[in-house]
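Student: According to TrEMBL:
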type    : residues                               : note
BINDING : B:Asp50, B:Ser64, B:Asp95              : Mg(2+) 4 binding site
BINDING : B:Asp50, B:Asp95, B:Asp230             : Mg(2+) 3 binding site
BINDING : B:Thr65, B:Asp66, B:Asp143             : Mg(2+) 1 binding site
BINDING : B:Asp66, B:Asp95                       : Mg(2+) 2 binding site
BINDING : B:His73, B:Asp283, B:Trp326            : substrate binding site
BINDING : B:Gly142, B:Asp143, B:Arg168, B:Ser232 : ATP binding site
BINDING : B:Asp233                               : Mg(2+) 5 binding site
DOMAIN  : B:48-158                               : domain 'PurM-like N-terminal'
Protein chains: 2
Amino acid sequence: MSEHGGAGQQHGRNAGGSASVSGIGEFGLIGKITARLSYGPSTLLGPGDDAAVVAAPDGRVAASTDVLVDGRHFRRDWSSARDVGHRAAAANLADIAAMGATPTALLVALCMPADLDTAWAEGLADGLAAEAATVGASVVGGDMSASPTLTVAVTALGDLEGRPPVLRSGARPGDVLALAGRTGYAAAGLTVLTRGFRTPRLLVEAYRRPQVPYQAGPQAARLGATSMIDVSDGLLADLGHVSAASGVAIDVRRNAFEVPRQMADAAQALGVDPYTWILAGGDDHALAATFPPAVALPPDWRPIGVVTDGVGVTVDGAPHEGPAGWDHFG
Amino acid sequence: MSEHGGAGQQHGRNAGGSASVSGIGEFGLIGKITARLSYGPSTLLGPGDDAAVVAAPDGRVAASTDVLVDGRHFRRDWSSARDVGHRAAAANLADIAAMGATPTALLVALCMPADLDTAWAEGLADGLAAEAATVGASVVGGDMSASPTLTVAVTALGDLEGRPPVLRSGARPGDVLALAGRTGYAAAGLTVLTRGFRTPRLLVEAYRRPQVPYQAGPQAARLGATSMIDVSDGLLADLGHVSAASGVAIDVRRNAFEVPRQMADAAQALGVDPYTWILAGGDDHALAATFPPAVALPPDWRPIGVVTDGVGVTVDGAPHEGPAGWDHFG
């Protein structure tokens, strides 16, 4: 795509002695990044042509896009480039898992200030690729541009393996609500960082690199889950989407959640109710799903509530006091 | 995805009396936009869940990502929101066509200043959807976020219809180089706008909404094209990629290109060599392909040069004087 500015390419280096993205040029940086990537069996054609080609064995592809903006979804003094890569990949891979699909590929649009160190872009690529590799997926393509605002937009593709996608709209009264993964850890880590602390490490690391139970998505689909969602905006907010789409009420049991010691300590030190993190905090990318009551849940899935007739989401039968989640233009 | 800022959602309106994206909120804007979309037969599941599901009938999907940044790839005083939607879609759909594939779906990550009028976002969506509809593709998903820099990242998916992808690397000495679509029009239009003019309309409109010969991509694949590329950075620069990937030399005949009257007039008025636009200007998204000499080319494809032993790209047998294309960090 052409630029409005001039086409003069400078082979400069920035103050640190390392190359800036404007110094190395677009094709130089693409070369440095693609040299760091490796490709799983779903990558039929990787980067370097007009498009990648990815396997879609059952004749369908699940596809989802998420964008992270510097200063809004991450801060470079809180997260390394590699951390941001892990988080950006996780946000997208979790969306694929929440359909019951296995992720196959990522495509990445990266917008960078011209003076950004190329090492940052390389670290980001490493993080994206490493997170994708945990599920056998690969970074297969992308685009980059100069921009005043560092921005990472990722698209993930996935394989439904012959199953119907698990939608938000299938929950039925009588279903069991279950959770795979954890909630509140990343939000607690973010609060800790926001207040100027760097510990407890458990929480800060949870914010930096979510631990997503990807395999639990396809597992839930095989078990006959009636609905599923990636918990990215906060458990109650995201269950609100399931409730609305399915036309059911959902009640969450507060005592289904243990408050880990580090979270309890941090909550006390910061004067926060830890259940605000657990019930309304985003970014851990747990998976929430509903199952018919006859399904024997494996250890990855723990029951946290029930689906009933009605509308809305309650906690122990009552409306939740406090925020349910986040609005992206707030 | 959660935000570092507060979660307070204001239901405000901006000075013009219309809603701003921060006033309407993320979910409100998503609702307004998805209400404007319609879906082709490849859309098995559209927006509203964690991921979309798109048909991939032959068990593979072609996928490509391109990003447009305000002030760099477009200007809001030069292009309407709908124009930007058309251009963003065209850049991606052309990449899919250049593999010999038929586009099926777009996913869009949209980053917007909080005070942007929602009408801009809706116009963008209309342009994206309208351009996609010209090839039977649909906008099936996306994400949006506030950002200081208006940014549109688009991923396109496509169907190879059982054929191998047409790569950049397959050109062979003796092949005929042919072009579908036009070059130089968008670059001329951009130059016209840069100099403060709004006419000739032919050129300015070509910049605002590229006329891409999408169907010529699958057509070339069916005809046995040995290589193909989307001309987005400039004809000579993009042929340079084919030359390098294929290990061949490519010679372009200058007299294969007519200079249309409006372009000749604009070139004379602005003191520009029109062949700089034609040979080095991007953004028309013509398709360039190489064919074995025995192939009878249909009218969409006109011969513009030859492939020979050697390296590099020449014009009438000599190196081209002047720019070949654009670097995205220049």
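Yeah, the Cβs are placed from backbone N, Cα and C, and that goes for glycine too.
Heads up, TrEMBL stuff is auto-annotated, nobody curated it.
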Student: Look up B:Asp230 (Mg(2+) 3 binding site) in the DSSP assignment and reduce it to helix, strand or coil.
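Tutor: In three-state terms, B:Asp230 (Mg(2+) 3 binding site) counts as strand.
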Student: Taking DSSP as the reference, which of helix, strand or coil describes B:Asp283 (substrate binding site)?
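Tutor: B:Asp283 (substrate binding site) sits in coil per DSSP, no helix or strand.
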Student: What is the nearest of the binding-site residues B:Asp50, B:Thr65, B:Asp143, B:Ser232 to B:Asp283 (substrate binding site), using the Cα of each?
Tutor: B:Ser232
Student: Once near-sequence residues are set aside, which residues in the chain of B:His73 (substrate binding site), 6 or more away, have Cβ atoms under 8 Å from its Cβ?
Tutor: B:Val67, B:Arg87
Student: Specify the secondary structure state of B:Arg168 (ATP binding site) as given by DSSP, simplified to three classes.
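Tutor: In the DSSP reduction, B:Arg168 (ATP binding site) maps to coil.
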Student: How many other Cβ atoms sit within 10 Å of the Cβ of B:Ser232 (ATP binding site)?
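Tutor: Counting Cβ neighbours of B:Ser232 (ATP binding site) within 10 Å gives 25.
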Student: How big is the Cα-to-Cα gap, in Å, between B:Asp50 (Mg(2+) 4 binding site) and B:Gly142 (ATP binding site)?
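Tutor: Approximately 10 Å lies between the Cα of B:Asp50 (Mg(2+) 4 binding site) and that of B:Gly142 (ATP binding site).
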Student: Near B:Gly142 (ATP binding site), which residues of its chain come within a Cβ-Cβ distance under 8 Å, counting only those 6 or more away in sequence?
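Tutor: Same-chain residues close to B:Gly142 (ATP binding site) (Cβ under 8 Å, separated by 6 or more) are B:Pro47, B:Leu107, B:Val108, B:Ala109, B:Leu110.
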Student: If I take the Cα of B:Asp66 (Mg(2+) 1 binding site) as reference, which of the binding-site residues B:Asp95, B:Arg168, B:Asp230 has the closest Cα?
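Tutor: With Cα distances computed to B:Asp66 (Mg(2+) 1 binding site), the winner among B:Asp95, B:Arg168, B:Asp230 is B:Asp95.
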Student: Please tell me which one of the binding-site residues listed here (B:Asp95, B:Arg168, B:Asp230, B:Ser232, B:Asp233) sits closest to B:Thr65 (Mg(2+) 1 binding site), measuring Cα to Cα?
Tutor: B:Asp95
Student: Nearest to B:Asp143 (Mg(2+) 1 binding site) by Cα distance: which of the binding-site residues B:Ser64, B:Asp95, B:Arg168, B:Asp230, B:Ser232 is it?
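Tutor: So, spelling it out, the nearest of the binding-site residues is B:Ser64.
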Student: Compared by Cα position, which of the binding-site residues B:Ser64, B:Asp95, B:Arg168 is the closest one to B:Asp230 (Mg(2+) 3 binding site)?
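Tutor: The answer is B:Asp95.
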